[in-house]
Amino acid sequence: LIATPTEEMNGAGNLMDFLDEPFPDVGTYEDFHTIDWLREKSRDTDRHRKITSKSKESIWELIKSLLDAWSGWVVMLLIGLLSGTLAGVIDLAVDWMTDLKEGVCLSAFWYSHEQCCWTSNETTFDDRDKCPQWQKWAELMTGHAEGAGAYVLNYFLYILWALLFSFLAVSLVRVFAPYACGSGIPEIKTILSGFIIRGYLGKWTLLIKTVTLVLAVSSGLSLGKEGPLVHVACCCGNLFCSLFSKYSKNEGKRREVLSAAAAAGVSVAFGAPIGGVLFSLEEVSYYFPLKTLWRSFFAALVAAFTLRSINPFGNSRLVLFYVEYHTPWYMAELVPFILLGVFGGLWGTLFIRANIAWCRRRKTTQLGKYPVLEVIAITGITAVLAYPNPYTRRSTSELISELFNDCGALESSQLCDYINNPNMSRPVDDIPDRPAGPGVYNALWQLALALVFKIVITIFTFGMKIPSGLFIPSMAVGAIAGRIVGIAVEQMAYHHHDWIIFKNWCRPGADCVTPGLYAMVGAAACLGGVTRMTVSLVVIMFELTGGLEYIVPLMAAAVTSKWVADAFGKEGIYESHIQLNGYPYLDVRDEFTHRTLATDVMRPRRNDPPLAVLTQDTTTVEDVETLIKDTDYNGFPVVVSRESERLIGFVQRRDLTLAIKNARQKQDGVVSSSVVYFTEDAPQLPASNPQPLKLRRILNLSPFTVTDHTPMETVVDIFRKLGLRQCLVTRSGRLLGIITKKDVLRHMAQMMNQDPESIMFN
């Protein structure tokens, strides 16, 4: 039987068009690869157009289109509910386990110290921390609450519990979810810029990070739970994305959800919904359209509402640090506030440099091979040094809370041990400045020791193989320094109220300096110095404390600390860790000022082999497979012919591999000698020729191109703002070379005299 030409053509046509139906995994990306934002955006636009046109066909299609439109808000609701619940559970568990190191509640062992004494009828107002139901371990075991023996036993058990908690945390991370360590924010920033790290936001990571975060914070190490809560919320976001194909099949859309999840994470970490949205916008997100802003707002609101319903702190407020100050601040106080800003900037610089040096050492020496030993050693040192000092023994959050507090008539803290004037008869909320008593001086040297301890130990703690946040330790350093400065200014104002600087605003018997406010400003300054946040930092601080009228001092400190820290280096701690790990992250804030051209950066260079290309109608399946096997490029330009080098489009390596594999399985007649066509129509072939393969569908017909004389400044800007993966270089329509995101990062590193090989991934 001899087939007629028409039959031949139709048969070939039908077989060749099989690719017009999408096959599994086309358009997806491999691990440790960068996504192409433009491609993702156009795919979403096509999907949206299809849904809109179908919705006019029937009521069912209209309902489907409405469900699709609402799916974003549903995802936000779910993220808010889950991250709020997890944060509440973490807060309650941390509270209980931190107190477990010192003692246990006899009436109900799951009560923390505070809850235990709340429920007791025998608690007196003066000794509100003491009640018969709460017993320290020594008292429980030996019956003696006081004395050297009891102290040593309590000390020993405190260290033992701390070691147990941290050992459990590091073991769980190591065995089940290696990605659950650290703060997670550097990786979240990299993922949101379009990088794929599979498993980083997976279910196991979510579960292990939640459990180990409780253990790590309870062990008394100098770390916080706030940064890791952003990672936890993003894991929740990723989990719910998989339920909706709109997000699970489009990496660009998924990143919009993750941006909003990061906002929900900060919202529950600090009880600061608006600060969370601004944090996501200023610090974490790479692409933040207006729609994402509204959704972030909604997710942060739901998360904060959920946390408030759980009420983990038992004070009917979202935050642990709520304070009410009764005095305004005065212009002259801006001088110490700005000095605290300078301290914050210097501490930020010192911390970043020392921490990166230590982490680099961990990466390059034998130390990195023993994460468990390192965690146990640091925990042991922390516990041994922390226990004797009451300010380092308690959890860092409680310490900050005490430092922020104003000394009212009901305060029993050592920091409020002022000498009272017996003739004073004033309303309770306006206590005038008084001379400091022995308790305050005692507290001052303990705080000074705590400051040195926190500064040193945090450098070694951040970056270990357990979940570790940086917000709380940085705030603690600033709050301690601020409180010391605040007490010093207060005592100066009391003893020298006739000095010209105090004369106008500090009369004898008036309440004119609030040391707690200085602690708050110091905390903002140090956090700003380490992270280089400004706007979101100030909003988080006033949401955190409720101190709305102190925005100007907070702004002054935040801006000063950023200026001082930026004078020594532009990168914050997260950018420095991104650089250390070699993630391909193009920072929007970096300026490229060198006068190089696209031709200087593109490949192939002078002595390189020619560019690997495919032709539109002369390449065989075997040629394509050989090219894929011999090279590791992520994609190939398609040209008219090797002689003309005229560019037609660009095809991704992964799509090409999947298409050929699929065709070999499902299409008869496709053999190694089959010709691959990227043209609209394949020519008529004699029957004796093998079946051709038409791959027009996977060809990107509008790849981004620049000419060889485009300034690199423009190319870097294009890569940043459009989120490109690669860009082709042409001259008069002829293909000259290719520039990938990795090439851009390498070139920028070279221009800054850094090692261009430090960028590890594609």
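Count begins at 1; order follows the chain as displayed.
From the backbone N, Cα and C atoms, a Cβ is placed for every residue, glycine too.
Noted in TrEMBL for the protein shown:
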type	residues	note
TRANSMEM	70-94	transmembrane segment
TRANSMEM	155-177	transmembrane segment
TRANSMEM	197-217	transmembrane segment
TRANSMEM	229-245	transmembrane segment
TRANSMEM	257-281	transmembrane segment
TRANSMEM	334-358	transmembrane segment
TRANSMEM	370-387	transmembrane segment
TRANSMEM	443-463	transmembrane segment
TRANSMEM	470-489	transmembrane segment
TRANSMEM	517-542	transmembrane segment
DOMAIN	602-666	domain 'CBS'
DOMAIN	699-757	domain 'CBS'
Establish whether the number of Cβ pairs under 8 Å between the transmembrane segment (370-387) and the transmembrane segment (155-177) reaches at least three, counting only pairs separated by 6 or more residues.
yes
Taken over the domain 'CBS' (699-757), the model's mean pLDDT:
90
What stretch, picked from 70-94, 155-177, 257-281, 334-358, 517-542, has the most CB pairs under 8 A with the transmembrane segment (470-489)?
517-542
Near the transmembrane segment (443-463), which same-chain residues lie under 8 Å Cβ to Cβ, leaving out any that are not at least 6 residues past its ends?
182-183, 221-223, 347, 350-351, 354-355, 358-359, 362, 378, 381-382, 385-386, 389-392, 399, 414-415, 417, 470, 473-474, 476-477, 480-481, 483-484, 487, 573, 577
What stretch of 155-177, 257-281, 517-542 shows the most Cβ pairs under 8 Å to the transmembrane segment (334-358)?
517-542
Hey, which bits of the same chain come close to the transmembrane segment (155-177), Cβ under 8 Å, at least six residues off its ends?
97, 100-102, 137-138, 202, 204-205, 207-209, 211-212, 215-216, 218-221, 371-372, 375-376, 379-380, 382-384, 387-388, 393, 464-467
Please indicate, using numbers and ranges, the residues of the same chain that are 6 or more beyond the transmembrane segment (257-281) and have a C-beta under 8 Å from a C-beta there.
72, 75-76, 79-80, 83-84, 86-88, 188, 191-192, 201, 225-227, 229-234, 236-238, 240-241, 247, 287-288, 292-293, 295-304, 306-308, 317-320, 469, 471, 533, 535-536, 539-541, 543-544
